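Trainee: Have a look at the structure that comes next, please.
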Amino acid sequence: MFRLEARPQQSRAMMLATPVLAVIATMIGGAILFVLLGKDPVEAIRIIFIDPFFDPFSRSELLVKGAPLVLIAIGLSFGFRAGIWNIGAEGQFIMGAIAGSAVGLAFYGTAGLWLLPLMALAGMLGGAAYAMVPAILKVRFNANEILVSLMLVYVADQFLRAIVSGPLRNPQGFNFPESRLFHDSAVLPILFDGTRVHVGVLAALVAVIVAWFVMERHVIGYNVKLLGAAPRAAGFAGVKQKRLTVLCLAISGGLAGLAGMIEAAGPFGQLVPTLPQGYGFTAIIVAFLGRLNPFGILLAGLVMALTYIGGETAQFRLQLPAAAISTFQGMLLFFLLGFDLFVKYRVRWARKGVA
Amino acid sequence: MTILKTLATAALALGLATGMASAESHGEPTKVGFIYVGPVGDYGWSYQHDQGRIAVEEHFGDKVETTFIESVPEGDSERAIRQLAQSGHDIIFTTSFGYMTPTNRVAAQFPDVKFEHATGYQRNTPNVSTYSGRFYEGRTVQGIIAGHMTETNTIGYIASFPIPEVIRGINASYLAAKSVNPDVEFKIIWVSTWFDPGKEADAANALIEQGADVILQHTDSTAPLTIAEERGIYGFGQASDMLEFGPNSRLSSIIDDWAPYYISRVQAVMDGTWESQDTWHGIDEGMTSIGSFNPVIPAAVRKQAMDAAIQIAAGNLHPFTGPINKQDGTPWLAEGETADDGTLLGMNFYVEGIEGSIPN
């Protein structure tokens with residue numbers, strides 16, 4: 001019989017191996033699914049995982065799709081490391097998008113290089129301020145931040161719908177609930193002509209590097225990790241738990257808000273009710289797939305983006321149903337969580353009677 | 001001499017070769033792409049567009065190759081549209097309002113590809129057309145039937161988003177129902193989605209609790225009709241016929257028949273006669289058509305509904321004919337006056353008699 005045995009220490013090798021194993025298992029599981037659907041599994045996997053790298057447009061789209069995921073996941077990783085579970089990044093993303101867009105629209109028609117940084121700042125503040133609701137409720141009243149932040153997503157979504165049907169509605173838009181298109185200086189510059197790769201991609205890269213520095217080389221990172229690993233010990237070591245909780249939520253809210261502003265001012269170029277795509281939730285998968293490590297998150301964000309973009313191509317090249325692609329993405333998280341068992345446990349072959 | 005001759009032959013061969021190559025490229029099938037907002041299995045809006053796609057395949061056979069991408073979120077559609085554009089599609093139909101800006105953006109980058117956007121109003125470049133059905137004409141027919149069939153005098157309406165198209169449908173069906181039953185009342189629930197069977201079912205149940213015994217829907221799933229069947233009240237098929245989902249409850253339906261339009265537009269691409277245009281077709285052209293009537297509808301009502309459809313098609317009856325006041329009592333249309341398309345396209349007000357306010 002097999003027996004699970006707790007490892008004395010978490011296996012570092014397994015920590016690094018499980019995401020790779022999860023991706024491989026997803027490919028195998030996906031292949032079985034595709035066979036059952038009567039499609040060529042090798043071709044499907046090739047279209048999803050390999051072809052996007054050989055097509056210049058798909059390559060550029062990986063960056064467009066990955067940037068918001070990475071930004072949000074980086075922010076979330078701070079809280080997750082400290083044991084603070086912000087599940088409402090989607091709501092903070094929406095609030096950041098609204099705040100950033102409102103600034104852009106308030107200065108409609110105004111040229112100037114200062115406008116985009118101002119919008120970015122507004123986006124960050126909007127997201128961070130929204131994350132303060134669960135933060136303050138947690139440190140003051142010990143309210144569960146998971147529930148509070150999650151419920152606030154729906155509030156934000158309704159607020160977005162209200163604001164694009166009201167104050168920010170396009171006056172020339174036949175009453176359709178969306179803002180006008182931002183003017184040129186409120187739209188993120190494109191990095192490569194003919195693609196949609198915008199400067200927000202650079203922001204994501206900067207966030208990765210800064211996060212790595214803070215996490216590995218700065219006392220904040222040390223305190224965050226300590227709080228997550230041993231909350232009582234952190235208390236004795238003089239870590240101010242409440243202050244750190246607020247800080248972690250502010251960081252994750254701020255980066256989610258920035259991602260929202262970047263989506264609005266980048267690929268969309270306007271505020272629309274369909275702006276939120278669930279990036280705030282997908283980023284949770286990205287954060288864990290990347291082992292809460294900034295560079296891991298960067299890779300994980302690209303893998304996740306790959307499944308979206310390759311998945312779309314597979315849809316029209318092989319006529320795979322959209323639901324099959326969603327199932328395929330779900331498998332990734334499922335296998336990751338499954339294999340995570342082996343980080344803390346190892347499998348032993350036990351003879352009958354021994355156990 | 002021989003050298004010259006060889007050269008001449010070579011040139012001839014080359015010419016033939018290029019000639020053949022171009023003949024071959026003419027023989028290549030026309031590639032037609034579709035972007036759907038829901039799954040093709042929604043049996044409503046997207047299903048009906050897919051029926052149009054299948055009709056194109058059947059009509060042209062080997063001369064076309066069609067592809068589609070389903071369940072494309074409106075907010076994230078630019079990439080999907082572009083993927084079709086750059087993978088050699090000649091004409092692309094994007095079939096939801098939210099695809100408007102992305103369609104126009106991609107169209108600007110692919111001047112040789114033709115784009116057809118359903119239900120929008122932007123045609124920024126000469127390779128973009130827009131098209132939609134005058135669904136409100138069908139709403140008038142529904143309203144007549146619903147006004148007669150309700151016993152509680154309460155008609156429920158499941159609305160998606162407060163955009164002009166939806167408000168137009170509410171107003172048209174209300175005016176028609178009121179014209180045959182002055183005591184009729186509308187209860188409207190906004191579900192903020194085009195396709196969400198769970199939410200639509202909840203809305204249907206809530207409307208029944210409020211006394212509605214006929215339900216109209218402007219959402220894409222069959223759930224409201226299924227609920228109507230279970231609870232023994234009436235509903236209508238939306239976008240597609242939906243007969244099998246409410247054999248007893250379905251009174252009639254508004255069917256969006258895109259097939260003739262799709263076939264004619266693909267033909268135009270083949271003939272090189274495609275031009276940017278705006279199409280708004282109703283019962284007359286067949287883009288909006290009325291599904292069969294449930295036998296429970298009394299013969300006189302069936303006749304009245306049928307007559308209305310015939311008169312609308314003939315241009316003798318306009319669903320919005322004055323006198324009509326706006327909800328707040330201000331006059332909109334004078335006696336005998338009919339609404340112009342511009343006002344209809346931007347409609348953002350209820351007509352007098354409808355209770356509640358349009359969500360903001």
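Each residue, glycine too, has its Cβ placed from N, Cα and C.
Note that the coordinates shown come from a computational prediction; the quantities given were computed from them, not determined experimentally.
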Trainee: Out of A:244-262, A:282-300, let me know the one TrEMBL marks transmembrane segment.
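Mentor: When A:244-262, A:282-300 are checked in TrEMBL, transmembrane segment belongs to A:244-262.
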Trainee: With pairs restricted to those 6 or more apart in sequence, evaluate whether the transmembrane segment (A:244-262) and the transmembrane segment (A:62-80) have 3+ C-beta pairs under 8 Å.
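Mentor: These two stretches do touch.
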Trainee: By Cβ distance under 8 Å, which residues at least 6 away from the ends of the transmembrane segment (A:62-80) in the same chain are close to it?
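Mentor: For the transmembrane segment (A:62-80), the nonlocal Cβ contacts are 52, 86, 89, 93, 195-198, 200-201, 203-204, 207-208, 211, 215, 224, 228, 248-249, 251-256, 258-260, 262-263, 266-267, 279-280, 282-284, 286-288, 290, 292-294, 297-298, 300-302, 304-306, 308-309.
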Trainee: Hey, which of A:12-37, A:92-108, A:197-215, A:323-343 has the most Cβ-Cβ pairs under 8 Å against the transmembrane segment (A:114-133)?
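Mentor: Against the transmembrane segment (A:114-133), the leading stretch is A:92-108.
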Trainee: Please give the sequence-distant neighbours of the transmembrane segment (A:12-37): residues at least 6 beyond its ends with Cβ less than 8 Å from one of its Cβ atoms.
Mentor: 44-45, 48-49, 289-291, 296, 300, 303, 320-321, 324, 327-328, 331-332, 335-336, 338-340, 342-343
Trainee: For the transmembrane segment (A:197-215), give me same-chain residues lying six or more residues beyond its boundaries with a C-beta closer than 8 angstroms to one of its C-beta atoms, as numbers and ranges.
Mentor: 60, 63-64, 66-68, 70-71, 74-75, 77-78, 81, 120, 188-191, 221, 224-225, 255, 258-259, 262-263, 265-267, 293-295, 297-298, 301
